[in-house]
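Q: Below is one structure. I have some questions about it.
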Amino acid sequence: MTTKELRQSLRRGSFIYPFLGIQLLAVFATAIEFQNGTGSMPSNRLLVPLNPFLLMHSGPFWAIAGVICAVIIPLGGFMLMGQELEEGNHELLLLTHLSRWRVVIGKMLTLWGLCVLTLVSLLPYVIVRYMVGGVEWWYEFCCFFTVMGLAAIVCSGAIAASAYTHMGFKISILLIFLISAAIGGFTTIAFSGSKGIFSFFGTTFQVLNSLGEIIGFTACGLAIARSKIRLSLDPYEVRPSRMLVTLLLISPFFLAFMTAITLGKLGFLGTLGLALISIRLDVTPKAPKWVAAPAPNIPVPPPLPPSLPPGVES
């Protein structure tokens, strides 16, 4: 599935032009920082993984990298699932050995892989920027982690929104997804830091909560897209996509509760629970292996009339 998406993407200009454009913008941003300096370092309260405000206070280089790799390129997935659903290609794909998870994960890896490739291509500019000031490895790691984490979340949300046919539903699902992820991320990450002798543990909790935020909402977005390519529903079965969107709406309250009862430290348990529920919410019931398959309901033709001996007329 990833190979199929890469072949299709190479035929589109949206796959190539952002990659070339960000190189020119990176040169422009690096030149500005050489001329004006990188400016003062952000305060310690901003040096948190998966913090969009960190990119806004880190000079033009990381601001441009964040806009291209975490916004523009991921939003290219806004039409990915529509290619399969509108033309009925998903039915042909599911007739092969591909499962619904492989279809959506293949699209996710292709889109997010382009973001990773684009950002990795900017690492030489990061090294050049060290000539302006000293090496701050934690600062650069937080910026890099923020861009990659935001790219994964936005890619997942765009793929989930692309599974809907009406443009109003697409925009609504994407906005609900991004708002829920923003509120959930602020709740679990912002209150997980510690001061004094517990600063190391506070940083550890911040990294764990950031990873949990990425895993939880990425899994939820892919589960929504997967539920939309389901071929059939059992009688009286609620549509899994509706249950997943409802789960997405209540996720900020669930994450806030989990963060509160763990004193602001273990919010990642809530996001991991969100991922587990999203994965298990759209599971078709299957009979145990020891249950025999029902007999095939094949109509039996009526018996033929007996044949007469030779020479005897009817």
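Cβ atoms here come from the backbone N, Cα and C positions, even for glycine.
A quick note: this is a predicted structure, and the numbers were derived from the prediction, not measured.
According to TrEMBL, the feature transmembrane segment maps to 15-34, 54-80, 109-132, 138-161, 173-191, 197-224, 244-264.
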Q: State, in range form, which of 15-34, 54-80, 109-132, 138-161, 173-191 has the highest count of Cβ pairs under 8 Å to the transmembrane segment (244-264).
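A: Top-ranked stretch among 15-34, 54-80, 109-132, 138-161, 173-191: 173-191.
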Q: Do any residues of this chain, six or more beyond the ends of the transmembrane segment (138-161), have a C-beta under 8 angstroms from a C-beta of it, and if so which?
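A: Tertiary neighbours of the transmembrane segment (138-161) are 41-42, 47-52, 54-55, 58, 62, 65-66, 69-71, 73-78, 80-81, 104, 107-108, 111-112, 115-116, 119, 126, 169-171, 173-174, 177-178, 181, 210, 213-214, 217-222, 224-225.
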Q: Which bits of the chain, at least 6 residues beyond where the transmembrane segment (15-34) starts or stops, bring a Cβ under 8 A of a Cβ in it?
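A: Sequence-remote neighbours of the transmembrane segment (15-34) are 9, 59-61, 63-65, 68-69, 72-73, 76, 114, 117-118, 121-122, 125, 128-129, 131-132.
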